[in-house]
Amino acid sequence: MNSTVAPASVADIRKIFLDFFASKGHTVVPSSPLVPGNDPTLMFTNSGMVQFKDVFLGTDKRSYVRAASVQACLRAGGKHNDLENVGYTARHHTFFEMLGNWSFGDYFKRDSLKWGWELLTKVYKLPADKLWATVYIDDDEAYNIWTQEIGLPPERVVRIGDNKGAKYASDNFWMMADTGPCGPCSEIFYDHGPAIAGGPPGSPEQDGDRYIEIWNHVFMQYDMQPDGSVKPLPAPCVDTGMGLERLAAILQHVHSNYEIDIFDALIKAAARETGCTDLGNKSLRVIADHIRATAFLVSDGVLPSNEGRGYVQRRIIRRAIRHGYKLGQKAPFFYKLVPDLVTLMGEAYPGLATQAERIAQVLQAEEERFFETLANGMQILDETLTGDAKVLPGDVAFKLHDTFGFPLDLSADVCRERGVEVDEAGFHAAMEKQKAQGRAAGKFRMDRALEYSGDGNDFVGYERLTEVTKIVALYADSTPVSELKAGQAGVVVLAATPFYGESGGQVGDQGAIFSDGAMFDVADTQKIKADVFGHHGVLKSGALKIGDVVTAHVNASLRAATQRNHSATHLMHKALREVLGAHVQQKGSLVNAERTRFDFAHNAPVTDEQIREVEARVNSEILSNAATQSRVMDIDAAQETGAMMLFGEKYGESVRVLDIGASRELCGGTHVARTGDIGLFKVVAESGVASGVRRIEAVTGQNALSYLQDLEDTVTQVAGTLKAPVVEINERVAGVLDHLKSLEKEIAALKGKLASAQGDELVTQAVDVKGIKVLVAMLEGADTKTLRDTMDKLKDKLKSAVIVLAAVEGDKVQIAAGVTSNSVGKVKAGELVNFVASQVGGKGGGKPDMAMAGGTEPAKLPAALASVMAWVSAKL
């Protein structure tokens, strides 16, 4: 492995590490998923050795005995939980990358330590006088290798004893478990210098930041016995791990991991999306760290949920959102960082790039969900923590968790910033109390936000949209009140109501509640209990009191549009079962005035032909104009009619059976009187939302007509551009594409001729430098292929040469570097192209004899090209 200059980027550090160990006979192994496939006891992959655990235990064998990898790791749950420190220290992260090399019964201490020293001092070029090492107190072999063979001064090799209270309980003795493979380890430290507080390893001041551990070499040479004794292993192994971010901080001459190139870019992206101008703000650090963790988790199949790994994911996402909110961002922003992350890490982790769109969708959905309650939750925190409060009560922390979706550690994060502790015992007691109440209730959990003990409402919304009725309860800020005044937001409960409360996927009605001098705008209707509807809105004028007689009026146009979509959903469900199969089951739905969104069980995308068939069946039912019928009957009788029942849904003794066309389902929603009232049905989107779950979105009535008219406008515009009748668009487009292909072939042929001609002309411009021809040139109008073709011809003609060719197209720079085979021992094309690209805002890579790069600063290209001669001369 040749020496090289200190790498300028995290990407360089990764590549150099893997290349180095590949040159030492190691097999480069890809990073394993963050969800361990071989260890159900481990929540997340937290080190490079996880994927090799079975090899060390002897239950698995590999085709190689030496391995190296760059492993994606996560520490944010369970035993290894750094979440509360992330963003507040220089080196704590949720997601991090671990550089590692392993020997499975092959080489041992001597090669491991010597290669480590070679890589750090000869390749990465760390100053040898800045490095320290620790060894286990009894490990004379490792100590002698450091002091006698490598030449590290004895005063910088520290023996660490059993500093944890028992034999082999030491920072420098590693055990996989209470019994089994174990052994001493040797850690390499970097000294940041006397300007930073802290003492050397093993000293009382070792916890400072001056001496930082960068690489741990574990030597598994013993088998720990149940009695605490050790026996030699027949085939000792090596397991090493080096934090990429820590190493990058040293190589890039910064003290904090958050100052390295990859975090610098993510912090700037977070600042862009939050509007924060202080790049040193710790909240930006949190966001930059968390986008890595959450994106990689989604990439590995971990979606936000309320349990297990999914809840860790939710906690991390919501912590990032809260820090964005703290910076003044009141709308979803976090998902917008995904493209930045893909740019930085997509090449090293291809799965990140291929799933970028899905990752952004998952994060955006979680953001939208949390932003609905974040402001209210923060208001409660602010009110509770006013004055000289020293503790956040456990019941308040639980309310934030249960009602507003605040994970406990998010509330603790806010409290820590204000010097306040959280009563965690009280929190857990409140949670256990709720669980006990839920077990006792056994059936229906009531809305905890509004306490109502009166009679149920009389729902008249199936028959009419207006009802004269009486106010029986009023609420403001979730608290019962006797009166609402103008300007107040609140909830109104009526003795009878035509408003439908959100249920079964259908949104709640909107409208107005009014009396002489009072007008209450109803923005939403939600169930407080199964038979009690709360009308949520704002009192625009006058006053409302309990006992007032009022008129309740539903917005008729919104109700009608919602009914069309709901009835169409039933017809679509029936059609999907007929077209795709009886396995189709509803998994979720949302029906409002704009569209219907229907999630269902199905393991493959619905084809265009299948969608057309579903549309045809639904529209056929609409054209039949069949009357809708509803009947209330007991559950057993409903089952005998063959009515479709949703799997997992809880039904009472009496149910409402709804017949719409050929569909028969149990449903309490509102529907059209006849199928013809739907007007028209059109599917507008089909997608996957989870493993085995598909989603169809559709529109009806006027919305369907508008959608088709928009499509027609687009088709008409395309026809106009092509100067062809609409019916001939396909034929005309095919002709244009054929003509385009023909032109592309002609252009390619011309470029080939141009490359040949330019090659002949450029040969005369080559300069002899120490016996090797060096050629640097700009090619006008060339693309990447032309650069490559010209490069190949020049290498053939010049025989022994180093060549750099460049071209500019708009604001983009393309650079090619080529080295003939007899010169690659002195000059590497990859190093050369990166040298040039780094001066024009870009980077690249390739093989030793041919490499390509791009850039974004064409104005700097002439100076960059002018510097090539001196660079090459220094290498020769």
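Note: Cβ is positioned from N, Cα and C throughout, glycine not excepted.
Bear in mind that the values here come from a model prediction, so they are computed numbers and not experimental data.
Here is what Swiss-Prot records for this protein:
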type	residues	note
BINDING	HIS566, HIS570, CYS667, HIS671	Zn(2+) binding site
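Apart from HIS566, HIS570, CYS667, HIS671, the Zn(2+) site neighbourhood in this chain, defined by C-beta within 8 angstroms of the site C-beta centre, holds GLN506, GLN563, SER567, THR569, LEU658, ILE660, GLU665, GLY669, THR670.
Taking the Cβ of HIS671 (Zn(2+) binding site) as reference, residues of its chain lying under 8 Å away and at least six apart in sequence are, in sequence order, GLN563, HIS566, SER567, HIS570, THR628, SER630, LEU658, ILE660. In the three-state DSSP reading, HIS566 (Zn(2+) binding site) counts as helix. Neighbour density for CYS667 (Zn(2+) binding site): within 10 A of its CB lie 25 other CB atoms from the protein chains shown.
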